[in-house]
Amino acid sequence: MTMPTARLTLRLFARLSGVLLITLTAAVIARWGGMPLPWMLGPLIAAAMLAMSLPAGHWLVPPFPNSIRGICVGVVGLMIGGSFTPALMSSAGEWWITLLGMAAVTLLLQCLNYLWFRRGMGLDPTTAWFSGSPGGLMENIALGEAHGGDLRIISALQFLRIILVVITLPTAFSIWNGAPVGSSAGVQVPGPPLTATDGLLLAAALVLGQWGARRLSLPAGVVVGPLIVSAIAHATGLIGGQVPPGLVSGAQWLVGTALGLRFAGMQRARLVQCLGGAVVALGISVAAVGAIIAIVLPFIDIPVPALVLSYIPGGVVEMGLIALSIGANPVFVTAHHVFRILIAVMITPQIFLRHVARRGARTGVAK
């Protein structure tokens, strides 16, 4: 590392220490107050309020390093992979039905969200299509920009979609259960304590999983790669211990801080407009998910909460954490979200190119 690079790195960490102290305090308060997923939602809300109240470039709202966020998300993947057991996979024979339902939900939401953003909010076809995609945050931002969409609106609507689900779903489950879900409820996978050997193997699983995911271009690879390697290692008995709850809470704290800081520089007028659009899109998601669950439920023996977590278009990491906290199969939930992202990234853009963009080109409105 050169001297200028080292100096910049030290300056960034000095700036991060300020916001991390604030978000750590928010996490402790949220934990004390019984908020669902307090170690993620407390920092997220605090960092977002800080980012929106200070001018862009302020020393208290530095860019959060993607490398640190990737490690934290990978830790959650290791924990979810540690829940992989033959008993949890006993219902895998029914998954083809629920995966068909997942495909139906994804395509239905893509169409309904597009109609809402196009006609309800008056967005151009490209921006409306990629804003309405129910999966693949970074992929849809990149695709939307490549096809001439409004990058700022796509980013805001996609990000707010995830934030609303992450905030409202744990709250709804907490009200339903009569107790907070997430870290307040003690999110952890039952198992023996972590040994030094297990710790080294889990660290290797994190590195190997994320490297392999990049090589294979897996969707949500930073979490899915470590999840797969951890699942194999635990299922074969190579690793016996589980990721310590304290480490998972720390990972949630940093992920929540990173998410909140992404509100930096967002104009309030645009935020209000996009927030209203995202709230309506969330209502559309709830209605569509409820309809598909009602169709598939008579043919399967899977609890409704697990289906809701699997079908609602939220973050892979966050939905896995909630699944663990309510006793649902996190492998089942995560598998469905990966399938959703695959459809949203690989199939729905082709529909856009073949139908929406072509029709827009004929009428002269597509960007």
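Placed from the backbone N, Cα and C atoms, the Cβ positions cover glycine too.
Annotated features in TrEMBL:
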TRANSMEM  12-33  transmembrane segment
TRANSMEM  39-61  transmembrane segment
TRANSMEM  68-89  transmembrane segment
TRANSMEM  95-117  transmembrane segment
TRANSMEM  159-179  transmembrane segment
TRANSMEM  191-209  transmembrane segment
TRANSMEM  216-240  transmembrane segment
TRANSMEM  277-300  transmembrane segment
TRANSMEM  306-326  transmembrane segment
TRANSMEM  338-357  transmembrane segment
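Through the fold, the transmembrane segment (216-240) approaches residues 70, 73-86, 135-136, 139, 191-192, 195, 198, 201-202, 205-206, 208-210, 316-317, 320, 331, 334, 337-338, 341-342, 345 of its own chain, all at least 6 residues removed from its boundaries and within a Cβ separation under 8 Å.
With a cut-off of 8 Å between Cβ atoms, the residues of this chain six or more beyond the transmembrane segment (306-326) that come close are 37, 40, 73, 76-77, 79-80, 83, 98, 101-102, 105-106, 109, 134-135, 161-162, 165-166, 169-170, 173, 177, 181-182, 185-189, 220, 223-224, 252, 255, 285-286, 289, 292-293, 296-297, 332-334, 336-338, 340-341. The stretch from 39-61, 95-117, 277-300 that makes the most Cβ contacts under 8 Å with the transmembrane segment (338-357) is 95-117. Stretch with the largest number of CB pairs closer than 8 A to the transmembrane segment (277-300), among 12-33, 39-61, 95-117, 159-179: 95-117. Residues 36-37, 40-41, 44, 134, 137, 185, 259, 262, 274-275, 278-279, 281-282, 285, 305, 308-309, 312-315, 318-319, 322, 325-326 of the same chain lie 6+ residues outside the transmembrane segment (159-179) yet bring a C-beta within less than 8 angstroms of a C-beta in it. In this chain, the transmembrane segment (12-33) touches the transmembrane segment (39-61); three or more CB pairs sit within less than 8 A of each other, excluding pairs fewer than 6 residues apart.
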